Protein chains: 2
Amino acid sequence: MLYLIGLGLSHETDITVRGLQAVKKCKRVYLEAYTSILMAASKESLESFYGKEVILADRELVETGSDEMLKDADTEDIAFLVVGDPFGATTHTDLIIRARELGIKVECIHNASIMNAVGACGLQLYQFGQTVSMVFFTDSWRPDSFYDKIMENRKIGLHTLILLDIKVKEQSIENMARGRLIYEPPRYMDISTAASQLLEIESLRKEQAYTEATPCVAISRLGAPTQSFKAGSLKELSNYDAGEPLHSLIMLGRQVHDLELEYLYEFVDDKDSFKKLVLQDQEFFKPPPYVPPTEDDFSN
Amino acid sequence: MLYLIGLGLSHETDITVRGLQAVKKCKRVYLEAYTSILMAASKESLESFYGKEVILADRELVETGSDEMLKDADTEDIAFLVVGDPFGATTHTDLIIRARELGIKVECIHNASIMNAVGACGLQLYQFGQTVSMVFFTDSWRPDSFYDKIMENRKIGLHTLILLDIKVKEQSIENMARGRLIYEPPRYMDISTAASQLLEIESLRKEQAYTEATPCVAISRLGAPTQSFKAGSLKELSNYDAGEPLHSLIMLGRQVHDLELEYLYEFVDDKDSFKKLVLQDQEFFKPPPYVPPTEDDFSN
């Protein structure tokens, strides 16, 4: 059996009781270690909590070495641990499809992920549109596909969750070119970088998918003991120090319920000016005002 | 301290280790019992698992009796257990806002909910648009606000998660009129009812937000031992017996990746005809084909 087990967001103890029971009976335990990190735990603390060895699985192992991971999983129990939920922002459907091909049974033990825990900021999950990702811009690569998606969401009034880049075990271009297996220190995109990149793309595209004044919510270390939220304009957040990773950003849509707004007030510097931002931003993508029918309309 | 604790989807053991630790130290433990159910557990099995009494909290208690629930929570630990995640499809932000007003600290312990675990069907979570809800139609009340939302999602290529009605502790109109506190047996909407209601509204609105041939995925008892998925046309699913509750339905959008499709094949009767449905459905809301500029375009 292959167990896919979600670890939740932060602590060793964020695993479910059922997940822990499964880990304890597994022969080998892999930890997916390239799309997210467990904020208040480490490989070592997990090993001591589980009472067994944890094997770090980098992208290479999962994507090209999955047969190695799945070895003997038809007769033994193997665990693949994923921060958040196994079907979270990054899914591991290819691993499951491979397991199926090999006739290996798969069981998934779900957990919280950023995709649902983000509701903790007070915005209603059913009012979110598609989720977008933002990567670190480089001199030559500044992909802006998120821009059209945010526009699509905001045109129909919806909030957008923006997931920020995580770079783990990446090589510099120089080291890659020279074939040196030297990895850069991990990098986690922060709120101010994300907000600045958003503003840069708006200044180039000029289609007003959003503006400097568009209200956003900065989410820092969701689910960790130091979790924090900050609501403000995109411009404000481009200068906001959100502290230690991980960070995510939400851009509000036009549909903001009173209860959502009231909840967000807890995270603003000034209620009145935030409310003003929200009202002002609601003018974008507003449905056209109702025009009463004229006599001409009835003449047909 | 008020602990909001997600219970996950199905088993007593779907609670996180941290959640269980919190429950064990709480003076009073409430279970939210009106928006969802834990499929493989009951009040009694939870009580035996926790080793303490669990108080069922119906809508009335949570919405109007929250001060009773929050009594002494400034000095004692109180738990409010929610199936799924506390910020799932139904949020309890009003309870948290009330706790804040009373100066009570709040800690949330997240868990999986339908909103993220739905990724288990193989469709990518970031390709979902807004989530919609569908209620049981009555003779006089057949609300169709989901229709426009599905249309909005599908216009931009996105999948739609459709949450199906749960009726717990509801009175019949007659009993309500006579002031008799007699409750109807709980009702959980099934896939075939949901699909039929969708088809009924399409036949009335005729805007082709979807058709009988639109591919959908039926999700039954997500996270429970008997969990199952079934992919097929909306028409097929209107005759599908999905078994015991709870059920949810996904309507596909135009953006279906090959990996998503390959995963769904596991749940279809016939691969080729399902693929044909998907390709055919992608003709709806397709962006207009690229038209090369003419000389006239350059003359301005």
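Cβ from N, Cα, C; glycine included.
If you look up TrEMBL, you'll see B:LEU9, B:ASP85, B:GLY88, B:SER113, B:ILE114, B:LEU164, B:LEU222, B:HIS247 marked as S-adenosyl-L-methionine binding site. The domain 'Tetrapyrrole methylase' annotation in TrEMBL covers B:1-237.
Taking all protein chains in view, 24 other C-beta atoms sit within 10 angstroms of the C-beta of B:ILE114 (S-adenosyl-L-methionine binding site).
A simple way to gauge crowding: the CB of B:LEU9 (S-adenosyl-L-methionine binding site) has 25 other CB atoms within 10 angstroms, across all the protein chains here.
Cβ neighbours within 10 Å of B:ASP85 (S-adenosyl-L-methionine binding site), excluding its own Cβ and spanning all shown chains: 32. Cβ-based crowding with a 10 Å cutoff singles out B:SER113 as the top-ranked of the binding-site residues B:GLY88, B:SER113. Note on B:HIS247 (S-adenosyl-L-methionine binding site): other Cβ atoms within 10 Å of its Cβ, all shown chains, come to 24. Cβ neighbour count within 10 Å across all protein chains ranks B:LEU222 highest among the binding-site residues B:LEU164, B:LEU222. According to DSSP, B:HIS247 (S-adenosyl-L-methionine binding site) is assigned to a strand segment. The average pLDDT the prediction assigns to the domain 'Tetrapyrrole methylase' (B:1-237) is 93.
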